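Participant: Below is the structure I would like to discuss, written out as structure tokens.
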Amino acid sequence: MPDLLQIEHIRKTFPGVVALDSVSFSVAPGEIHTLLGENGAGKSTLMNILTGLYRPDRGRILYAGREVRFARPRASLACGIGMVHQHFMLVPAHSVFENILLALDGVPGFFSRRRLRDRIQQVIDEFDLDLDLDSPVWKLSIGAQQWIELIKLLMRDCRLLILDEPTAVLTPQESERLFAVLTRLREQGKSVIFISHKMREVMEISDRVTVLKKGRSLTTLARGDFDQARLAGLMIGDDQVPQWRKQSRVGDDVVLDIRDLSVRNDRGLADLDSCSLELKKGEILGIAGVAGNGQKALAEVLTGLKKAASGRIFAAGEDITHSSARSSYIAGIAHIPEDRKSIGIAPDLSVDDNLILKSFKQPGFRRWIFQDRAAIRRNAREKIAQFAIKAGPDGAPVRYLSGGNIQKVIIARELSEDPAVLVALYPTRGLDIGSAEYVHKVMADGAARGMSTLLISEDLDELLKICDRIAVMFRGRVVGCVDPRQTTREAIGLMMSGEEVA
Amino acid sequence: MSLPRFRTERRELNAPLLRFLAPLLSVLVALFVAGFLLLAAGVDPAAAYLEIFRESVGSIYGLSETLVKATPLIFAGLGVSLAFRMQIWNIGAEGQIYIGAMAASGVALFSGIENHLLMLTCMLVAAFICGGLWAGVAGLLRVRWQVNEVIVTLLMNYIAILWTDYLLFGAWKDPKGFNFPLSAQFSDAARLGDYFNTRLHSGFFLALFCALLLYLLMERTVWGFEIKAIGSNPQAAQYAGMKTGPAIVLVLFLSGALAALAGFSEVAGLQHRLIHGISPGYGYTAIIIAWLARRSALGVVVVSFLMGILLVGGDSLQLTWQLPIAFIYAFQGLILFFLLAADFFLQYRIRRVAGGDA
């Protein structure tokens, strides 16, 4: 059977940057084709070309045997190429239904709302998703928002689906469900381009894998020809991956003691429902759970962005739930936020400035009311070297950095004051292997110095590898704690779906 | 094949040189386009531009007039640019100028202070505080109830202007003023010094001093850093422990206070009384200035000087060719228009796309 999509020698440059050098691969009908590559390898640029956001400088795209040039996103959509982006393209204030409606073509001026709703509901039921069509999008978890993106494409009958790290927001069970959906789509003859760097998934789902490195397609391997080690080797090449070893040195002191804590959300429902947890000195405590089961609220209440409705938080024995000590204590908690671009950085300021966003008032960075620019620069140079940040030219706004480097800037800033507690939300989401390993190393090193970490992640492999203890959350409660050395992914997965384990 | 299409693409990198050339270029293009307006009015553009140049900077007197015009523009431009720096859109500089003029005049007319320095200090402080409080209202509304500051500051302009007129047509009217809407003349104690036998007064130097102060505040101090950080991303700033609410109120206070100093300097330095229409739209021109100056304090001084040239030159165009002052406003509008266009092209480029849908 001829290929559905053929990409030949695509090149794309931006002023001063070669984003894609020469990329070729093809996707057959009914194939799940994985694109594997580090951040900055050119995956996103390539996908933006496929979806008509960018135009290539050179090379050809053949779709269903014809050469195509997509001038606009609509053109590629009209061909049946649909994409679920890493950053969702949704209108937060509109309802789920309205967002899906927005994505559909050919809806007549007068349409039967009910019939359309029924059609959408069919898709929702078919794939067993739990989605309220009338809820505004901003109230939904990120996981649920991704479903909307998927439904949009399924409603349009796309022939080629592109999924950019779709499992980053899903539980193992949900990922399994997604894979089942993808498998079913494959059986229907649809093609999928799957972008991921979680090896386990790549191994499980891919028919073929194309490895991208520095804007070039290195090779395409068919199922059976690739294994985890081979792919990792190709992907990383001769790049350095930081080495670290976990030393378990959990103390007896309880650094943070959360008792029956409840937090309400904008709808007045409990995001946290009498949740209890203990964090010990030097411990890395993992929080596993499906997105939207209270992990975010937990992080927000610990970092001062939300208030507790009831319950108590004790820090080193002192009650800090409401007292004035709370703000000063919270100032000492390092926080790696979930949405790094929207709350982690001031995009127009330089790397130097972003590195002191929290500590700019401290004596080291000021002389009387003036900033000590020399000290700030010195600090930046130190951090850039220490955390291997690729910062670009001096003074360049931080928004030009890649996702991994932005994350490093945030981590460098948050850890620079030797915090007693680190609350990290999905710190490796969207990072390449090297950067992710680096983040793990930083946390392990911190633990060795006595820093306690609350690590909220959806990547069970990550949790199992690095944590001393894993607490599983479901509907705002901790349903149980497990020892990563004595548990399995399956056991945790069951707990994530709400089953209490003795 | 369908018709050729054009589309915009985001530029990935930003050339710093271009960023500074853009204002210059937009002024030149505006000059060019305004030339057609002049032609339509039957005036030789080259002669008109030469006239503007000669009248505004061609003589000591012309230069002094240009600086006199630039003075209120600097104050107001500084105020507006400070707020813009934090992404707070203070459109109310015009009203704040009136409030400042009113407050300073109130002190000058009714305090009876005879000491020169004390009198001027009191007038300045009154203008500063009243202008600050006036703009601070918009800040409070914004922080407390999320009321859009654009609407509040804009509408409060009308209140301030009409309030001034209410006083000038009523209680404050000069009994010896032949019923004109003017206040009584200030005593000598309430007048800023003049220089070189021209109308240039100390207000100009005060404006330069404020510009320097603001520059240091924004670029060198811890507080300025906080303002820039909040302006860049309020959420990130908040999460880094900065208090955005008080900062917004304070910035609007300072912004209004600086604009109000324009009012103080106009009544104390130039008119020596409060008059109807004390600001012929300086507060609005300040918005253009802040934007042209890329919100930098020192840039405001340079751009205000250029605007001063335009205003002085415009006056002489009125005299020589009977052109309406509207020509100068049209010219200002053209500059802003082309600058905004230039900003767009700095961030995006337009490419021709052959073909269309596949």
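Backbone N, Cα and C atoms are what each Cβ position is placed from, and that goes for glycine too.
The feature transmembrane segment is assigned by TrEMBL to B:20-40, B:60-84, B:96-112, B:118-143, B:150-172, B:200-218, B:247-268, B:274-292, B:297-314, B:326-346.
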Participant: Under 8 Å, at least 3 Cβ pairs, sequence separation 6 or more: does that hold for the transmembrane segment (B:150-172) versus the transmembrane segment (B:274-292)?
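Facilitator: These two stretches do touch.
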Participant: I'm a bit unsure how to read this: which one of B:20-40, B:60-84, B:200-218 has the highest number of Cβ pairs shorter than 8 Å with the transmembrane segment (B:297-314)?
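Facilitator: Comparing B:20-40, B:60-84, B:200-218: B:60-84 has the most Cβ pairs near the transmembrane segment (B:297-314).
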Participant: Looking only at residues six or more beyond either end of the transmembrane segment (B:200-218), which have a C-beta under 8 A from one in the stretch?
Facilitator: 64, 67-68, 70-72, 74-75, 78, 82, 85, 192-194, 224, 227-228, 258, 261, 264-266, 268-270, 296-298, 300-301
Participant: Can the transmembrane segment (B:274-292) be said to touch the transmembrane segment (B:118-143) if we require at least 3 CB pairs below 8 Å and skip pairs under 6 apart in sequence?
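Facilitator: Stretch pair does not touch.
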Participant: Which residues of the chain, 6 or more past the ends of the transmembrane segment (B:60-84), have a CB below 8 A from one of its CBs?
Facilitator: 54, 90, 93-94, 96-97, 135, 195-196, 198-201, 203-204, 207-208, 210-211, 214, 218, 227, 251-252, 254-263, 265-266, 269-270, 279, 282-283, 285-287, 289-291, 293, 295-297, 299-301, 303-305, 307-309, 311-312
Participant: May I ask you to check whether the transmembrane segment (B:247-268) and the transmembrane segment (B:118-143) make contact, with contact taken as at least three Cβ pairs under 8 Å and only pairs 6 or more apart in sequence counted?
Facilitator: yes
Participant: Which sequence-distant residues neighbour the transmembrane segment (B:118-143)? Criterion: at least 6 residues beyond either end, Cβ under 8 Å.
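Facilitator: Distal contacts: 79, 88, 90, 92, 95-97, 99-104, 106-108, 111, 149, 152-153, 156, 160, 187, 189-190, 192, 244-246, 248-261, 263-264, 268.
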